[in-house]
Number of protein chains: 6
Amino acid sequence: MRFDEAYSGNVFIKSKQNYEKAQAVIYGMPMDWTVSYRPGSRFGPQRIREVSIGLEEYSPYLDRELDEVNYFDAGDIPLPFGNAAKSLDLIAGFIRQLLQDGKIPVGMGGEHLVSWPVMKTVADNYKDLAIIHMDAHTDLRVEYEGETLSHSTPIRKIAEYIGPKNVYSFGIRSGDKKEFDWAKENGMHISKFEVLEPLKEVLPTLEGRPVYVTIDIDVLDPAHAPGTGTVDCGGITSRELLASIHAIANSGVNVVGFDLVEVAPIYDQSEQTVNTASKLIREMLLGFVK
Amino acid sequence: MRFDEAYSGNVFIKSKQNYEKAQAVIYGMPMDWTVSYRPGSRFGPQRIREVSIGLEEYSPYLDRELDEVNYFDAGDIPLPFGNAAKSLDLIAGFIRQLLQDGKIPVGMGGEHLVSWPVMKTVADNYKDLAIIHMDAHTDLRVEYEGETLSHSTPIRKIAEYIGPKNVYSFGIRSGDKKEFDWAKENGMHISKFEVLEPLKEVLPTLEGRPVYVTIDIDVLDPAHAPGTGTVDCGGITSRELLASIHAIANSGVNVVGFDLVEVAPIYDQSEQTVNTASKLIREMLLGFVK
Amino acid sequence: MRFDEAYSGNVFIKSKQNYEKAQAVIYGMPMDWTVSYRPGSRFGPQRIREVSIGLEEYSPYLDRELDEVNYFDAGDIPLPFGNAAKSLDLIAGFIRQLLQDGKIPVGMGGEHLVSWPVMKTVADNYKDLAIIHMDAHTDLRVEYEGETLSHSTPIRKIAEYIGPKNVYSFGIRSGDKKEFDWAKENGMHISKFEVLEPLKEVLPTLEGRPVYVTIDIDVLDPAHAPGTGTVDCGGITSRELLASIHAIANSGVNVVGFDLVEVAPIYDQSEQTVNTASKLIREMLLGFVK
Amino acid sequence: MRFDEAYSGNVFIKSKQNYEKAQAVIYGMPMDWTVSYRPGSRFGPQRIREVSIGLEEYSPYLDRELDEVNYFDAGDIPLPFGNAAKSLDLIAGFIRQLLQDGKIPVGMGGEHLVSWPVMKTVADNYKDLAIIHMDAHTDLRVEYEGETLSHSTPIRKIAEYIGPKNVYSFGIRSGDKKEFDWAKENGMHISKFEVLEPLKEVLPTLEGRPVYVTIDIDVLDPAHAPGTGTVDCGGITSRELLASIHAIANSGVNVVGFDLVEVAPIYDQSEQTVNTASKLIREMLLGFVK
Amino acid sequence: MRFDEAYSGNVFIKSKQNYEKAQAVIYGMPMDWTVSYRPGSRFGPQRIREVSIGLEEYSPYLDRELDEVNYFDAGDIPLPFGNAAKSLDLIAGFIRQLLQDGKIPVGMGGEHLVSWPVMKTVADNYKDLAIIHMDAHTDLRVEYEGETLSHSTPIRKIAEYIGPKNVYSFGIRSGDKKEFDWAKENGMHISKFEVLEPLKEVLPTLEGRPVYVTIDIDVLDPAHAPGTGTVDCGGITSRELLASIHAIANSGVNVVGFDLVEVAPIYDQSEQTVNTASKLIREMLLGFVK
Amino acid sequence: MRFDEAYSGNVFIKSKQNYEKAQAVIYGMPMDWTVSYRPGSRFGPQRIREVSIGLEEYSPYLDRELDEVNYFDAGDIPLPFGNAAKSLDLIAGFIRQLLQDGKIPVGMGGEHLVSWPVMKTVADNYKDLAIIHMDAHTDLRVEYEGETLSHSTPIRKIAEYIGPKNVYSFGIRSGDKKEFDWAKENGMHISKFEVLEPLKEVLPTLEGRPVYVTIDIDVLDPAHAPGTGTVDCGGITSRELLASIHAIANSGVNVVGFDLVEVAPIYDQSEQTVNTASKLIREMLLGFVK
């Protein structure tokens with residue numbers, strides 16, 4: 001991790017050299033040790049940076065260029081292999097610093113559990129925070145095979161922390177019955193299967209509120225994102241996900257932080273998923289950091 | 001971990017331990033020796049079982065859990081390598097036993113030719129049987145380079161056996177001219193390219209009839225199912241296929257058997273196709289076995 | 001390369017043995033040395049031919065068979081590795097010969113720059129030529145890192161040669177701002193993101209005109225064409241591309257040449273992209289060569 | 001195929017059905033959360049079992065058949081994802097039970113840290129235990145980036161527990177200077193680069209002693225074992241490793257337990273490494289369990 | 001298959017255009033339907049031809065160039081998918097023709113069973129024929145799971161046909177006990193594990209005799225030939241195999257036919273195995289066809 | 001490329017931050033446009049740097065640590081895609097600067113042609129320069145299909161420039177007859193097949209002379225280096241190559257520059273080749289830079 005000291009790793013394309021002046025800060029959370037299925041997302045952030053070099057700097061969707069946004073890439077947060085609790089503490093500490101310095105956190109995972117300390121810390125900072133969550137999975141478990149620090153629990157944790165009514169999930173196509181029931185009973189929004197249309201209905205109700213956007217890449221169909229731990233058919237296309245990001249960008253919500261998680265390069269034939277991830281981050285930087 | 005207790009090593013997730021009480025029986029037909037292009041589907045059934053362990057047991061599409069269905073996994077039928085005639089006999093014998101015992105056969109291929117002895121045996125058991133067939137290919141050849149026992153012939157065989165008017169093909173995008181002509185001349189239903197919409201029109205006409213559903217995974221576009229012998233672009237999405245299964249499940253037809261064939265793991269990047277196959281089987285178990 | 005002499009390489013399925021009588025001539029342009037990202041498209045033409053053997057000869061889309069079209073496969077044009085200027089000269093010379101002999105050129109790339117000498121030579125032959133261009137990228141740069149002979153420049157070159165108003169680009173989702181601005185200022189048609197719908201609007205205006213069709217395989221989403229140098233999410237499906245080809249085939253334009261470029265087999269999991277490419281060429285042969 | 005009879009789905013080939021009578025017990029330790037580089041060895045044990053079905057039951061090296069050895073496969077020990085401390089406790093408990101029941105433990109990893117609780121528990125049971133360790137790496141660190149429960153520390157831990165003079169490492173080609181220095185200063189045996197020749201010199205000195213053999217698959221050159229977390233060239237061939245196992249089998253040492261770790265199937269092209277691992281386990285069962 | 005008629009497929013590099021004048025004839029036997037493990041060798045011959053284009057024409061081992069040998073490539077023998085008996089008949093018929101025409105047969109597999117009709121037909125033609133067999137497996141079974149036409153039986157068949165004393169196997173490292181026992185009891189030569197050294201001892205005893213050489217690519221270690229159906233560690237290096245071929249070439253035996261089988265491109269990372277196979281065939285052409 | 005300015009790319013592990021004080025300078029030459037077979041080595045240097053992070057800093061072979069060597073990583077030289085002549089000029093200019101500044105050049109390719117301008121410039125600087133060349137190929141062609149700037153020509157060029165008697169090639173196993181003849185006639189040293197033993201004989205004759213070492217990774221057998229453009233069996237092991245480097249390091253020659261070329265990550269299963277390359281560079285830095 002770096003703020004101002006010399007750094008010898010790749011950074012996301014067009015990152016500025018100066019932390020102080022940056023409006024947003026990109027960072028990686030290379031943790032994958034609580035996943036129950038295929039690990040490997042620890043390498044996601046570095047590969048996303050590497051292929052970002054091939055991105056066009058201009059978005060024909062938003063008619064804006066990366067040079068118009070001031071962001072700094074802090075590298076990956078060094079996390080202790082196999083120690084989930086300590087890793088989450090380190091992430092929380094890092095985010096507290098960013099928020100103190102007035103930065104918008106832009107996270108790259110890593111498994112989805114890394115979003116929990118980020119969302120919690122952002123919630124401590126912004127009253128009335130809402131979460132927009134796009135994912136194949138509910139992630140609403142209390143624990144997974146005895147572990148509460150599991151990649152299946154982050155949305156449950158933040159929903160309990162800020163209240164389930166402030167959490168909006170989209171594109172969900174997997175979970176156990178109890179998770180769906182809990183959401184229903186507690187007034188949490190879940191849109192099954194679809195993202196764009198229900199999101200367009202929700203966005204006007206969130207106008208003016210601070211919003212944290214957390215995207216699990218597996219909200220995409222495996223055809224569009226094979227490079228992830230859990231491949232679950234029936235997902236959305238990358239076109240729908242791009243359009244959903246643009247819908248948020250063009251709405252009246254105030255995005256105060258966002259992340260993209262669960263990119264696992266080892267399963268990523270033809271580098272399709274890492275390239276998609278880097279384009280999604282470009283679009284979010286251009287659309288959310290104003 | 002086990003010491004002496006019952007062990008359920010490599011069976012489809014949530015299979016029950018007891019054959020007698022089972023309503024449906026899952027079995028693999030690991031044969032791929034008549035395919036003219038890329039072999040490898042012999043390993044399909046085993047890999048589908050292996051990844052089924054990662055499936056959620058609950059379907060948010062059908063609001064039903066696997067525990068609500070009683071099925072037994074009989075493993076793979078041992079078939080003699082390179083001997084197509086004998087393999088088909090063995091399959092037919094196995095199915096006869098299942099039907100005598102009142103079970104619903106749930107087959108996993110293997111090449112599509114394996115469906116022929118199954119469909120024939122089911123037809124012997126159920127008068128007025130109709131076939132719902134989803135596939136990229138017509139499979140209506142009389143023979144292929146001199147061999148009548150070929151992966152290109154099973155639908156022709158069953159169509160001649162029960163009458164072409166009782167066979168309904170969907171999603172077809174490849175075949176030779178003669179095959180399409182034969183279907184037309186003989187009143188067999190072929191929906192080119194599309195599955196869901198024409199299926200919705202056909203289903204009401206089949207209400208109350210016994211129906212066998214045979215799905216060649218290559219009805220999906222290669223983007224959604226790269227792990228198959230013949231990749232042919234222009235196919236449907238996994239969402240359309242899921243919706244088609246649900247349409248059958250919610251119709252008034254009586255599904256008396258079904259199979260999913262041509263899953264070839266060696267070509268299956270990121271295990272996308274085997275995971276899709278295992279989810280499709282979950283949905284068919286939940287939707288068809290009532 | 002061959003005209004009549006003995007040849008010992010694969011040819012596209014159903015190619016006729018006789019150059020003189022052929023209406024169309026297939027050829028490969030195995031060049032990839034100016035690409036700025038992943039090379040490998042030099043192997044595209046050979047792999048497309050190889051898998052073409054698995055194609056059905058009949059198109060259920062167009063109800064026509066390959067036997068009804070008379071085409072000759074001339075093999076790959078031998079191009080000097082690493083020498084772009086000389087390669088383009090050789091291509092131009094080859095095309096001049098084809099046009100003198102009254103043949104329709106059917107090219108397979110190779111990188112997109114190979115289309116430049118082809119289009120130029122065709123333009124010299126057909127007054128009032130229009131270009132239909134399907135691609136993820138504008139390819140409208142003047143130069144790329146100092147080189148004017150770059151895979152990013154062919155559409156700019158032909159637009160300047162025949163006038164930007166005669167070039168119609170579809171499906172574009174990447175480029176720098178200057179490229180889009182140049183197109184706008186110069187009256188060149190660019191349809192962003194979509195192909196089929198805007199194409200249907202454009203086609204009637206081109207009726208009766210000679211048209212050259214150039215397709216970069218990356219107009220497809222990476223889900224549908226992972227085997228290419230640059231994977232850029234948000235593209236169209238193979239169904240939309242097939243439908244677009246059929247729209248041209250069924251319009252009143254006069255296709256006088258066409259190509260398909262940027263197929264790079266090394267990145268092509270499960271041979272999906274090369275199979276798609278060979279089907280696209282089949283459809284174009286059946287639809288464009290009348 | 002099965003109806004009601006006992007089923008041996010996914011166990012190591014020729015495992016007996018009865019725990020009580022078994023002399024040796026095979027088990028998997030599917031943990032990979034402390035690795036600092038590429039995870040994935042959690043899937044090693046299951047894949048080794050799966051391909052074991054293709055093994056010949058007879059060893060032409062040892063002229064012995066698997067039927068002559070009585071072993072039971074207990075499946076994988078269920079370990080809590082991302083919790084190293086608890087995982088090691090569970091492994092230790094499992095091994096204590098095996099030793100109480102008089103079984104020879106036969107472990108499959110998982111990362112190398114899993115060998116630590118096994119070796120410790122075996123050492124508690126057998127006075128004068130010696131360790132034979134084959135590996136590319138010293139694994140002698142005290143901690144790795146602050147974590148003492150790391151895949152880099154197991155040999156240090158056991159060396160400190162039973163005394164460095166009782167630990168014999170072979171084939172070592174990587175480590176930091178401090179590790180090599182510590183071994184030297186403390187009288188621990190390290191053979192750099194070579195296995196077979198130095199092993200032949202050591203074995204006579206261990207005659208009659210109880211010995212635990214722990215093999216990290218990366219002692220093999222990556223040419224022979226690409227499917228592992230850390231690929232480090234300059235290793236031994238599979239022939240040398242087989243010969244080394246046979247040398248132990250034919251010596252006068254008393255092997256009281258053994259394991260094979262760090263097999264990571266996701267990096268294993270052509271299933272070479274898992275097949276090698278399953279053959280190595282066959283040879284160790286035939287050679288060590290008498 | 002072709003003799004003189006026009007042909008539109010790849011041929012092995014430097015094949016002559018004229019069958020009549022050819023001394024040796026290359027042909028493929030694209031059959032893989034009796035293999036018990038991984039199929040795919042049907043594509044071996046075509047891929048070997050394709051990569052042969054990259055071979056140097058000169059051998060620095062033998063100081064001879066391909067132009068000095070007159071050979072014709074007849075393409076692949078068209079075999080009926082899934083019909084082993086008929087396929088073997090077709091192969092036998094083809095070989096009979098070659099021998100009548102005085103050609104040396106040079107076969108490319110395909111599974112090893114294809115060598116059986118070749119060896120039998122060659123034995124009918126040459127009295128006192130000896131077989132030199134290099135393989136990981138004995139291939140001495142009488143039947144495999146009830147099928148006598150199995151990839152595990154060809155050496156048993158030819159040994160019974162010409163007498164076990166005339167068959168010399170090298171490099172064997174897998175088989176069941178009965179196979180090794182049968183060989184021993186019947187005076188058949190089996191060299192376990194090694195090829196070059198025992199071959200050097202055997203060759204002088206065969207001087208002047210007609211010899212057929214059959215090589216299963218899996219005699220190589222999987223490190224050297226991952227692209228095959230069965231990967232079994234402990235094999236020889238490609239250097240040892242090359243040296244073994246040169247030992248035969250430089251001995252006084254009269255090679256009257258040879259083949260290389262079991263090359264399965266789908267498992268062949270980096271095209272290593274097909275390139276090795278094409279170099280082995282070059283060396284055998286240069287060394288055996290005088 | 002960078003000297004002192006801020007840099008935002010990966011560097012080789014333990015590179016120092018200061019150019020002025022560095023004794024050696026690492027740089028990449030990402031060019032692959034003249035290769036006649038598989039391109040992709042342009043990505044070699046970046047991937048070697050990336051995996052270097054996983055290297056141990058200590059060599060148990062040489063008992064030396066990277067901290068004891070002062071080297072700077074200048075990044076990749078930006079080369080114009082597809083323009084070989086200009087690329088070579090840029091490389092020559094860069095090397096001239098390094099030599100003026102008294103640095104030892106440490107190059108990473110890219111195709112082998114990049115070594116030509118380096119060797120020439122080094123030869124201009126050091127009278128009596130000798131070349132030690134390890135490779136599968138002679139690289140002694142005058143031209144390749146008409147192009148003198150080809151990956152098949154660099155050793156011929158330098159041999160003609162400094163005199164063939166000053167060039168020593170080892171491990172050669174491919175080339176055309178003319179190349180071997182030219183070497184012989186002109187007194188150039190070529191050791192076929194072997195590296196270590198003939199090198200040990202040559203080294204004493206070079207004592208005290210300035211030597212440039214150029215290694216084509218394909219001197220290794222494909223089992224040890226699948227990630228390269230041309231895979232040619234019969235090569236040496238990584239152990240022999242390591243030992244050869246150590247032999248040079250321990251001899252009395254004065255290594256004034258060295259490179260490692262032809263690493264092509266796209267063909268590199270399990271990242272074996274890039275990891276090997278990064279270890280080879282570590283050993284050369286530790287052994288050659290004194």
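Placed from the backbone N, Cα and C atoms, the Cβ positions cover glycine too.
Long-range C-beta contacts of F:D218 (Mn(2+) binding site), restricted to its own chain and to partners at least six residues apart, with a cutoff below 8 Å, comprise F:D135, F:A136, F:H137, F:A225, F:T228, F:G229, F:T230, F:V231, F:D232, F:G235, F:E262. Following the DSSP three-state reduction, the secondary structure of F:D218 (Mn(2+) binding site) is helix. For F:H112, F:D135, F:H137, F:D139, F:D216, F:D218, the entry in TrEMBL reads Mn(2+) binding site.
Under DSSP, F:D139 (Mn(2+) binding site) is assigned to coil, being neither helix nor strand in the three-state scheme. Excluding F:H112, F:D135, F:H137, F:D139, F:D216, F:D218 themselves, the residues of that chain whose CB lies within 8 A of the CB mean position for the Mn(2+) site are, in sequence, F:H133, F:A136, F:T138, F:H151, F:I155, F:V219, F:V261, F:E262. With a cut-off of 8 Å between CB atoms and residues at least 6 apart in sequence, the same chain places F:H112, F:H133, F:H151, F:S152, F:T153, F:P154, F:I155, F:R156, F:G175, F:D216 near F:D139 (Mn(2+) binding site), listed in sequence order. The binding-site residues under consideration are F:H112, F:H137. Their Cβ neighbour counts within 10 Å are lowest for F:H137. The least crowded of the binding-site residues F:D135, F:D216, judged by other CB atoms within 10 A of its own CB, is F:D135.
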